[in-house]
Every structure is written in C-alpha cells, then in structure tokens.
Amino acid sequence: MSRVRLLVFNPVLSVLDYRVPPGVDVQLGNVVIAPLGPRQVLGIVWEPDRLDGTEVPESKLRPLLEVLPVPPIAEPLRRLIEWTADYYCAPLNSVARMMLGSMAALRGGGTTTEYRLSGLEPARLTPQRAAALDALQGEQASIRELAELASVSEGVLRGMVNAGILEPVTVDLDRAYPRAQPDHAQPELSEEQQAAADQFIAAVGAGKFQTFLLDGVTGSGKTECYFEAIAAAIRDRKQVLVMLPEIALTENFLRRFEARFGVPPVLWHSSLKQSERRRAWRAIVSGEAQVVVGARSALFMPFKRLGLIVVDEAHEVSFKQDDGVRYNARDVAVIRARFEAIPVILASATPALESLQLAEAGVYQKIDLPSRFGGATLPHIEVVDLRKDEPARQHWLAPSLVKALEDRLARGEQSLLFLNRRGYAPLTLCRHCGYRFQCPNCSAWLVEHRLSRRLACHHCGHASEVPEACPECHTPDCLVACGPGVERIADEVSSLFPEARIAIATSDTLNSPEKIADFVARAEGGAIDVIVGTQLVTKGYHFPELTLVGVIDADMGLEGGDLRAAERTYQQIAQVAGRAGRGVKPGEVLIQTRHPEAAVIAALAAGDRDAFYAAEAEARRDAGAPPFGRWAAIIVSSEDEAEARAAARQIGGARPDLPDVMILGPAPAPLSLLRGRYRYRLLINARRSAQLQDIIRQWLGALAFPQGVRVAVDIDPYSFV
Ligand SMILES: Nc1ncnc2c1ncn2[C@@H]1O[C@H](COP(=O)(O)OP(=O)(O)OP(=O)(O)O)[C@@H](O)[C@H]1O
Ligand SMILES: [Zn+2]
C-alpha cells in the first residue's frame, strides 16, 4: 500500500488519507499515528471504499508517522464497528474508540511503576499524610490513582515517596495470567443440564454463528451449563467473552469461575486501574487472555481468537447504554457473534420478550432448564393486599410479612426484603411551609441518605448536608421524610426485631469488590438474618439458607409511562423471588401490592409466565411496540431552556411525513432538567418495514443547530425519561 485511508479519532474530522513512507509495511486494521496540522492523531487503517472521504491528490498527502506495535484490528471487528455506528446512528470513531485500551497499551508492554506503603513509620505526620496512610493500606497503584483513592493531592503523595513512606514497585505489564484448567473441577451435570451443555459444546466445536437462548428457571444451573461451553473453548485454545450486566455481579462470578477452572478469569471494566487495563488489553489482543469477564465495555475488545460469547442475565436493562454511543450490548453481542462466525449464549430465567419472540420464530435456538438443580423446588408465592393487610402508620411491612419474618428469625433462616430505592426516603419536605428539597441540576427530588447524612440526587450525584432548619421558612426541626427507601425499611425491621442482624445491600453499601466479597461471605456464613436490598441483590446470588423474600412495593415499577414497565416488574420480582428456597429448605415469597388484580401480579402469583408473556406480546402488537414495531427517540438538550425548545421545535417542524412512521412531540422530557441541561424529546414509532435509521439521518442531517445544543438519537430506547 502506498496510500491509506484512516478512521481517525478526532471530534471534527473522521476520515483522512495519508501516504505510506517507503519501507513501512501497513495492513488493514493497523493502529497508526498520523500528523494533523501541527498535532498528531490516532487512526485505524480502513478499507478506502468503505469510508466516505474526499480524494486528496497524491502530491498533497502527508506521510504516516508510525505504525503502533499492536496486531491489526481484525476484519470482523471492523465490520461490527460499522454495523453499530450505522444501526445506532452514532459516529464511527466514537464506536471504534470503545475497542481501544489506553494509549499506553497501544505503545507496547514493558514495565510501569506503581507505589505502595513501605511500612516505614513517618517521623512527622500531617493530617493529610495520616489520612493517606489510612486509606492506602494494602493498595498499590499509580500516584494519580492513589491520590484519588485517598482523596489527597498528588503532591502529598510525592512528598511521601521522597520521605520513603511510599515505595516504588516495578510492574511487568506483559506478565502472563495463570492458565484456566478446563478439567479443574468438572461437576456432574443432571441429565437436562448435560443435554444443554452438549449442544453448546458442539456449537463451539463447529465454529459457526448460532444464537442460543438458555431459558432456565432460577437455580437451574445455567452457569454450570455454559461453564462447560467455556471449558470446550479453552480446550480448543479459543477465547471467551462473558458479559454480565453489572460490575457488582462479577465478584460472585469470579469465585464460581475460580472454583470451576482453578484461576480467576481476566476482568475488563471501566474502573480497572491503569496497569491492569494495559495488561488485560494486551492479553486480549495477543490471544493470551482465555476468558474475559466484563460489563458492556468488554464487548468491543479486539480478541485475537474469539470462540464464544456468553451474555448472562441477558434480560437486564443495564446492557443498554444511555449515553455516548446508545447501544444495547446484548443485541450487539449477537451481531458480533455473527461477524465472528461463533456461537453466542443468552442466559436468563426471565428472558426479554424480544428474545423469546426471536426464539419462537426459530432465529434463536431455545434451550430450556425447567427445574431447579438438586431437587430444590421453586418458592411458594403469596400476594399481600396492602388495602386489607395494612401496615401501621409510617410503616411499610404488612402484618403478614412481619409474621413471616418472625418465623424465619425463630428458625434461624434468612430473609430478603426487596425495595428498589436507595437511601432513607425519596422526598423530604418542610412540615411548616411545604418546601420540598429538589436537585438544583435536575428535575428530581433529593433522596435522604441517613447513613451518610446527606441529601443526594440519584441522577447527577449532587449532594448536600441535611440542614437543621428549613431553607425556606427557617423553622428548625421541621423536616419530614416521605416514603421509604431501604434504610428506612432496615430501621423498621430493627425496631421490630432488635436482635436481628440486618444488612443493607445497595450500590452505596456494596461499592467495592472487597465489600461485596465480605457481604457474600457473611450471608453464606449465616452472619446475616435479614438482607434489605435493591435490584443489586435480586439476581445471581445463591444463599442456601434464604427461605423468605418480601417484595415491599410491587407497584413501584408499574408507575410512569415506561413501555416495558410490566415486563420489567415481572422480571425483577421473578428474579428476587428466585433467591428463595435454593437449598434444601423450601422458599416463600410475599409480594406486597395495592393492585393484586394487575395482570403482572396475578401471573406472578399463579407462576404462569407463559400467560403473562402472551398477554404482554398481544399488548405490544396492538401498540406497534417492539418486537412488532420499532421505537426511536430524539433527545434535544441545552443549558439554555429557550435554545433547547427552539431546536426541538425546529426538528419537529422538519418532520418527515411518511405512512409507516408516527412522530410524537417534541415535548419536554419527563426529566426535563438533567445535569443542568434542559431536555426535550421526540418519539418515533415505526413499522418494521420503515428504514428508520435512514429516515432519521436524512431528517436531522439537513438541520443545523447552535453550538450549545446536543441532539442525541436513541434507537430501540429503554429509558423514556
Ligand atoms: N450439576 C451441578 N452440580 C453441582 N452443583 C450444581 C450443579 N448445577 C447447579 N449447581 C449449583 O446449584 C446452584 C444454582 O445454580 P446456578 O447459580 O448456576 O443457577 P442459575 O440457573 O444460574 O440461577 P439464577 O438464574 O437464579 O442465577 C449453584 O450453587 C450451583 O453451583
Ligand atoms: Zn441532580
């Protein structure tokens, strides 16, 4: 090649041509550095005919500066990047960026320096040094990362290095990961598990594209089944990608993986420290990383020999990314498998309606595990009608749930109370003047967190102390908490049963791998009687002594206009119910509701999943909703309210008039102010026949907006706020 076309990482320009200097060998997919004005830019060598660029005459081309020492990005991944950009109406280079590690990883391996406490007792201890000394026990990372961990300046830490309190450690970035052993601890599978595993193993061996929907009830051993597929891939020297919906679940997964394969898998997620990121990325590219576990961001990693993708808890909404490139990692995982010509397994006890529909149509192969492993039975589900079985004033546990808790405590068994709301109370107001605490950046109430004594916004992270007096009328001691969060439920349990050992399990309390590991160990070891938790503990966990699950408010998720509200409620409650009775003792689930007649509650009580999904599918068909029709959203935002409104109107005014497309709005978004930006939405409902993306591209492509306006397109949206 004497000239190349690059996809470059620049916000304005994305395609540029360059000359290849003599003697330099360049291949498609190479990551290179090129000059751009007085600066340098990173780029990927792409097929020229697949990128629209302006033809620059040979004589005007500037030469490439450097080809980076990493293997070229393989063709299947280049095609995946194009597909994703096209489908989600996103810039190609924003999608491509998701597969790159750090600049340092691209530069090569070698070594880096990290620091840790040397054990030296400092002669002089400033308060900041004391704080750092406390916070950095057992830690080792770069100065910048340690500074963040300890909440002190880098200067303080450099001073500690000079004083010998922190010592440098040389870290080898290319040191090998221990090898996973496919036969380390192979379980004996039940007949139905073995049948499922056999199909996966055959598919891994065949090396063809195939999508499996592993639909097994909670506790049926889905993990054990797909572990056998992973073992087969490891034996074949192929790499495996396992995607989990949240980092919080990885801790549990790591332990199970290590028990099965002898070593932990390679982790990839956004909060890895620099040196781990470099090491993991390089091992993935070189093919040395056997099994990689991660959240969404692992999907675009440049594997050398990918042989299998597993998406666990595949129904989870968090696979959908709602900022930057708005893609659904579950759906793109299937597309990746297609480009790579490999099998993909979507595992869930409560599959998404979309997935079930594709299975029914024969596009996905459905594999059922209809019973729990080891003779455990599915829990007994009881509906508690809060209108008849009323909790006391300012209390949230119905008498029957209190009684059930009391029984469990007496028998030394565990209970789990589920309420999907962090903190103590979702709204705080002044009893005297009615003032309500609201976030200054978002149209949302501030949530009281009593444990950390602050009022916090769950959208933007804004937090303030709880004042003594009302900020409006200055009356002291007049603030009242309205409604419950998990902390308030925990208080209620503790006032009813002072001797009960209670654990609150949310992203506030379980915010590090160590805390999660500690929580799991205590729960398994019988050191916790009652767990009060959010959706964080509804899935993945296996506590054999847990026999009671109480759903505090089954109606919560049904409020608001979310298109998938009923499905999500069903999934969440079925999942949390699935934590009960997984051991030898049978489980019981009490669902508190004010609408026992609602279809979703009735289906849960009757254990009739098929009826629920059938009714839900009918409703969606009538509404032209996915998977029968398609939705897209256009979200317009600006820090200036008038500017946002004007831009939204401009888009609305230019709407195309097409028979198979219906356009709603613009209207202020339900969250009309978010992180200081005013937001408007347009919703597009299209028949499957419509070329939705092309329509949107043409529509928006003809318009121009002021600098401060952001226009985002959300294809197949999950969030309607
Ligand atoms: N064949 C087996 N041999 C030994 N233990 C097994 C076997 N199958 C499942 N188990 C155990 O049963 C428990 C439940 O299995 P697992 O967690 O894989 O179920 P699951 O289908 O993923 O459940 P959920 O969807 O509720 O998370 C686990 O502790 C698992 O180790
Ligand atoms: Zn906010």
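Every residue gets a Cβ built from N, Cα and C, even glycine.
According to TrEMBL:
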DOMAIN    203-369  domain 'Helicase ATP-binding'
BINDING   CYS430, CYS433, CYS470, CYS473  Zn(2+) 1 binding site
BINDING   CYS439, CYS442, CYS457, CYS460  Zn(2+) 2 binding site
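Structural mapping of features recorded in TrEMBL.
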residue	record	Cβ contacts under 8 Å, 6 or more apart
CYS430	Zn(2+) 1 binding site	ARG436, CYS470, GLU472, CYS473, THR475, CYS478, LEU479, VAL480
CYS433	Zn(2+) 1 binding site	CYS470, GLU472, CYS473, THR475
CYS439	Zn(2+) 2 binding site	TRP445, LEU446, CYS457, HIS459, CYS460, HIS462
CYS442	Zn(2+) 2 binding site	CYS457, HIS459, CYS460, HIS462, LEU671, LEU673, LEU674, ARG675
Fewest other Cβ within 10 angstroms of its own Cβ, chosen from the binding-site residues CYS457, CYS460, CYS470, CYS473: CYS473
Among CYS430, CYS433, CYS470, CYS473, the binding-site residues whose C-beta sits under 6 Å from ligand 2: none
Average pLDDT across the domain 'Helicase ATP-binding' (203-369), rounded to a whole number: 94
Where CYS473 (Zn(2+) 1 binding site) falls in three-state DSSP terms: coil
